[in-house]
Amino acid sequence: MPSYMAFTPYIMFSTNYAAIAYILISRCYRDSMLLDLQRITLEVNREMLRTGKKMNSLIRRMFFLKTFTLTYSCLSYILAVLVYQWRAQNWSNLFNGLLVNISLTILVVTTFFYFVSLMHVARGFDFVNQQLEDIVSSQSMDLKKKAHELRSLWALHSNLSNTARRINKHYGPQMLALRFDYFIFSVINCCIGTIYSNSDQESSFEKFFGSLLYWARSVDFFLNDYICNLVTEYQSQPKFFAPEGSMTNELSSYLIYESSTRLDLLVCGLYPVNKAKWLEMVASIVVHSIMLFQFHLVMRGGYTTLFSRTYALLANIITLTMLPIVMWQVRSVFLAKRHYPQLILITNDIRYTVSFLIILYTLLSRGFRDTALKEMQPLLLTLFREEKRCGYKGIDGVRRSLRILLFVKFFTLSWLCITDIIFLFYSSDAVIWVNIARFLFLSNTNNILEMVPMGYFLALWHIARGFDCVNRRLDQIVKSKSTRDQKELQHLWFLHTCLTKTALNINKIYAPQMLATRFDHFVIGVIQAYWGAVFTFDLSTSFLWVVYGSVQYHVRSLDYYLIDYMCDVAVEYHDSARHSWSEKECY
């Protein structure tokens, strides 16, 4: 794994731990719900045995496929430890690896229980539909017996609907946590898998094993969404087989009940679980994986291979060609939603025009920024070497105020990127290729506007970190009596000079980009402030959307303010006053 991506396992394992902790804590609620499921499953089995009905072939194939993906994933986790840790012949590492990977199987096994629970519910709904069709088309059954069978099916259908809602309610927070865990797993492994697939250090067997495990987990999680979609479909399946001549009061009442009872399986009330949302999540995974891969290409030192140069060229051409078309389609969808005041439409056009121009300049000027990042690398190596020699090791050796600045900036950046993705995720009405392409392009381009200023911030943050290291070490040298410490003044002088030159060069290269970004932030800030007032007071808007827009506006303002504040911090550390020095210490 590249050294600059060493933090990704911490993110992935932290997410895994949070999901596993919630699964284990909430187990008692699921166990009580599974007891109710067992009773209704026995009832469905008894009715199917009485009538001679069998399980639907589609449900049976899904169950076999889910069992295969579960078995393969669990065995792969355990066998991977036995194969790779056995070579080292270290029992401590073998035990730790087994403990970790057996814990990871909890994430897969728990979704299997969710799948099996909904599979039994879908099987019950399918039996109700088959039995209802037989009752309606039967000529030998009298009306009294038909009425009795209809009442039994009605009661079974109602129990199945209530059980499905209970399953969704108890498993909702857990499936939300597991969905986030799978999202992080997919983004990180997709990016790292792409990097390793072009590497010669790993064998073909390891690449094949990793890709097969990745796709097995993807299919395994897809089946969870598909079974939810199947339950909803079977619960309200159209009854075209009921002719008007065979309609009775009981049958009419049942059909009215079934058509008016809709089963919406929402995860924590946030979004429906179906194939449509699955495809949108896959599109989001692709967007974030591309963003991580772009970060990898930049951090490895620019376009050094034909593959990376071709990728960057094609990505820029496709983005600049398709983005105006996508923005025009978004404008059409925006107009079709509801009737807006004319000034809202004008400001919306201004906002998209400015954003496109900024993105155009950002992509065209990428080579200059890559040059600045290349010049930062030797300086960073020198800075890390000096920090290690002075006793300031790693991130813990950095001043606390600088660490807080970095963490807050990462939080605002992550918030803006993730919330923009979620907003676009929920704004799609139907899953068609146009909406998926629109989602991909808008997600990627919105991230461009947020990620490019982050490079400027990180460069200034490292420069401020270097100036602070020089200042702290200089205070120690001045107060020291050792001649060895006093000889370090030349090293500090050289480091201070390099930091100053690099800061001036980065500011020169990034100046047009930051001027364009400032104009973009100014336009978006003015327009969103106006929109916030209009949507809050003049138009009927949900309270949650008002809160979301307000928080988004203030987080965006804080995100940009941190860039200006970082410039002030770098200048302050460069010109740090030496009031603590006495005249005797100056020589």
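Note that Cβ sites are derived from N, Cα and C of the backbone, with glycine treated the same way.
According to Swiss-Prot, the feature topological domain 'Cytoplasmic' maps to 1-4 (among others), an assignment based on similarity to another entry.
Look at Swiss-Prot and you will find 5-25 (among others) tagged as transmembrane segment.
In the topological domain 'Extracellular' (26-62), helix, strand and coil residues by DSSP number 31 helix, 0 strand, 6 coil. Taken from Swiss-Prot, the feature topological domain 'Extracellular' applies to 26-62 (among others).
If one looks beyond the transmembrane segment (63-83) by at least 6 residues along the same chain, the residues whose Cβ comes under 8 Å of a Cβ in the stretch are 94, 97-98, 101-102, 104-105, 108-109, 112, 115-116, 119, 209, 212-213, 216-217, 219-220, 223. What Swiss-Prot records for 63-83 (among others) is transmembrane segment, and it gives sequence analysis as the kind of evidence.
Taken together, the residues of the topological domain 'Cytoplasmic' (84-97) have an average pLDDT of 63. Annotation source Swiss-Prot lists topological domain 'Cytoplasmic' at 84-97 (among others).
Residues or ranges marked as transmembrane segment by Swiss-Prot on the basis of sequence analysis: 98-118 (among others). If you look at the transmembrane segment (98-118), the same-chain residues 6 or more away from its ends with a CB under 8 A from one of its CBs are 16, 19-20, 23-24, 30, 34, 37, 63, 66-67, 70, 73-74, 77-78, 80-81, 164, 167, 171, 174-175, 178, 181, 217, 220-221, 223-224, 227-228, 231.
Taken from Swiss-Prot, the feature topological domain 'Extracellular' applies to 119-277 (among others), supported by similarity to another entry.
Look at Swiss-Prot and you will find Asn159 tagged as N-linked glycosylation site, backed by sequence analysis. Neighbour count (other Cβ atoms within 10 Å of the Cβ, all protein chains): 17 for Asn159 (N-linked glycosylation site).
Positions annotated as transmembrane segment by Swiss-Prot, on the basis of sequence analysis: 278-298 (among others).
The topological domain 'Cytoplasmic' annotation in Swiss-Prot covers 299-309 (among others), and the record cites similarity to another entry as its basis.
The transmembrane segment annotation in Swiss-Prot covers 310-330 (among others).
The topological domain 'Extracellular' annotation in Swiss-Prot covers 331-403 (among others).
As annotated by Swiss-Prot, transmembrane segment applies to 404-424 (among others).
Per Swiss-Prot, the feature topological domain 'Cytoplasmic' maps to 425-518 (among others); the stated evidence is similarity to another entry.
The list of residues near the transmembrane segment (519-539) in space but at least 6 beyond its ends in sequence, with Cβ under 8 angstroms from a Cβ of it, reads 340-341, 343-344, 347-348, 350-351, 354-355, 358, 449, 545-546, 549-550, 552-553, 556-557, 560. Residues or ranges marked as transmembrane segment in Swiss-Prot: 519-539 (among others).
For 540-587 (among others), the entry in Swiss-Prot reads topological domain 'Extracellular'.
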Item to complete: Six or more residues out from either end of the topological domain 'Extracellular' (26-62), which same-chain residues have a Cβ under 8 Å from its Cβ atoms?
Response: 113, 117, 119-124, 126-127, 130-131, 134, 152, 156, 159-160, 163, 166-167, 170-171, 173-174, 223, 226-227, 230
